[in-house]
Amino acid sequence: MSEERHEDHHRDVENKLNLNGKDDINGNTSISIEVPDGGYGWFILLAFILYNFSTWGANSGYAIYLAHYLENNTFAGGSKLDYASIGGLAFSCGLFFAPVITWLYHIFSIQFIIGLGILFQGAALLLAAFSVTLWEIYLTQGVLIGFGLAFIFIPSVTLIPLWFRNKRSLASGIGTAGSGLGGIVFNLGMQSILQKRGVKWALIAQCIICTSLSTIALMLTRTTHQGLRQHKRSYKFELLDYDVLSNFAVWLLFGFVSFAMLGYVVLLYSLSDFTVSLGYTSKQGSYVSCMVSVGSLLGRPIVGHIADKYGSLTVGMILHLVMAILCWAMWIPCKNLATAIAFGLLVGSIMGTIWPTIASIVTRIVGLQKLPGTFGSTWIFMAAFALVAPIIGLELRSTDTNGNDYYRTAIFVGFAYFGVSLCQWLLRGFIIARDEIAVREAYSADQNELHLNVKLSHMSKCLFRYKQLPRRV
């Protein structure tokens, strides 16, 4: 690795792995990991696309089932809160066990844990197809699918950093765009099957598609042997890390991911039923949900590229503020299908900004050494707020107004994204202030800098800094 790369102060922390094996400031030897930066990494990127297609992409298709269940009262005794809760469980329940899943794939292997996830997801969809009571749907389309998603996604998200260094956010953006492609397929395809053959065959078809593609991705999955071996030796399972949990920046991280999940999940699960509430059909509602997926397919790679160039927090702060404005200025007055489709396409391109940037931001805050444990805690916060988000979205719906039944939901989602932008703005100021201290004291950007003391006055001065930054942020 050339000396210029180590000296380039504009290089993002995601693009820095200390290759010299020197001791860090705490006396710990840094991990020497070779990153191929291509080669077989392109097959890994393809696998990551397929994993996202089969997990988050398939999960976004639940909006179609939700609208169908609400419209047809499919299961006796099922209320809108029940179906919303099932969607929340599918999205989040497995993520509550993220630290345990992280520990398991370090004990066994990434491939083994992902394989378990594929089995969980396939069994869940197949059993859901033959479910006839509400509690069976809770367990299959809710809990078991949630565990399948978590067992596949949490290990797979670590693959890109092992194979790519330069333009890592771009690679993550391309990979997470797979969820957008999946959303298109599952929103349109499952809606068509559901109308022609019913819920049972829609779930069976989804089972076949997800299991087949995830299995292909699993066969492509490899880890760089040196990186995996070093990482296993260095990994220490810590459910609660005082150094992490006592840091102000980490709680700003927890704040913005919590707000992001409230906005993201409520919006994702509401647009199809919102379109139906305007007087359109379920099929037309699926078109709007599909536009969200089209937007994410096109937008996430672009967001990743821009984040590599200007900084993940800077880009995220701006885009989440734009999201808030779109919800207030476009969703609230929306009265027709054309506006709903345009809104879906616009918000779809930026509402998932968290996915291509989260790894870069977490690493920026805690460094490589504390990354696994911090990610585990972060997933728990995301899971907690994603669990209640669908319920909040439906409860805010009003049926006694003339016009937009979801105007209160739109206001709520707008404030959720405003909260994301605010937390990222504060976090950005904190990181800039800490970077100034770290650069002055000659610390490498990939080291654990949680111990550096940032005064509130110093942070406040950095909130409006946009030029001559010590590092890209």
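Every residue gets a Cβ built from N, Cα and C, even glycine.
The annotation topological domain 'Cytoplasmic' is assigned in Swiss-Prot to 1-37, 106-111, 164-169, 221-243, 305-312, 363-370, 434-473 on the grounds of sequence analysis. Summarising the annotation, Swiss-Prot assigns transmembrane segment to 38-58, 84-105, 112-135, 142-163, 170-186, 201-220, 244-268, 287-304, 313-332, 343-362, 371-394, 409-433 and lists sequence analysis as the type of evidence. Swiss-Prot lists 59-83, 136-141, 187-200, 269-286, 333-342, 395-408 with the feature topological domain 'Extracellular'. Marked as N-linked glycosylation site by Swiss-Prot on the basis of sequence analysis: N72.
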Helix, strand or coil at the residue listed as 'N-linked glycosylation site' [DSSP, three-state]: helix
Result, the transmembrane segment (313-332) in contact with the transmembrane segment (371-394) (3+ CB pairs under 8 Å): no
Intrachain residues whose Cβ lies under 8 Å of the transmembrane segment (244-268), provided they are six or more past its termini: 60, 63, 87-88, 91, 289, 292, 320, 323, 327, 347, 351-352, 354, 358, 361-362, 365-366, 370, 373-374, 377-378, 381-382, 384-386, 389-390, 392-393, 409, 412-413, 416-417, 419-420, 423-424, 426-427, 430-431, 434, 450, 454
Leading stretch by Cβ pairs under 8 Å, where the reference is the transmembrane segment (313-332) and the options are 112-135, 170-186, 287-304, 343-362, 409-433: 409-433
Secondary structure content of the topological domain 'Cytoplasmic' (363-370), with strand meaning DSSP E or B: 4 helix, 0 strand, 4 coil
Contact check, the transmembrane segment (170-186) vs the transmembrane segment (409-433), 3+ Cβ pairs under 8 Å, seq sep 6+: no
Same-chain residues near the transmembrane segment (287-304), Cβ under 8 Å, at least 6 residues beyond its ends: 57, 60, 63-64, 167, 169-174, 176-177, 179-184, 187-188, 267-268, 271-272, 274-275, 315, 319, 337, 340-353, 355-357
In the chain carrying N72 (N-linked glycosylation site), residues 6 or more apart in sequence that have Cβ under 8 angstroms from it: none
Cβ-Cβ under 8 Å with the topological domain 'Extracellular' (187-200): same-chain residues at least 6 beyond its ends: 60-61, 63-65, 68, 74, 129-130, 206, 272, 282-283, 286-287, 289-290, 293
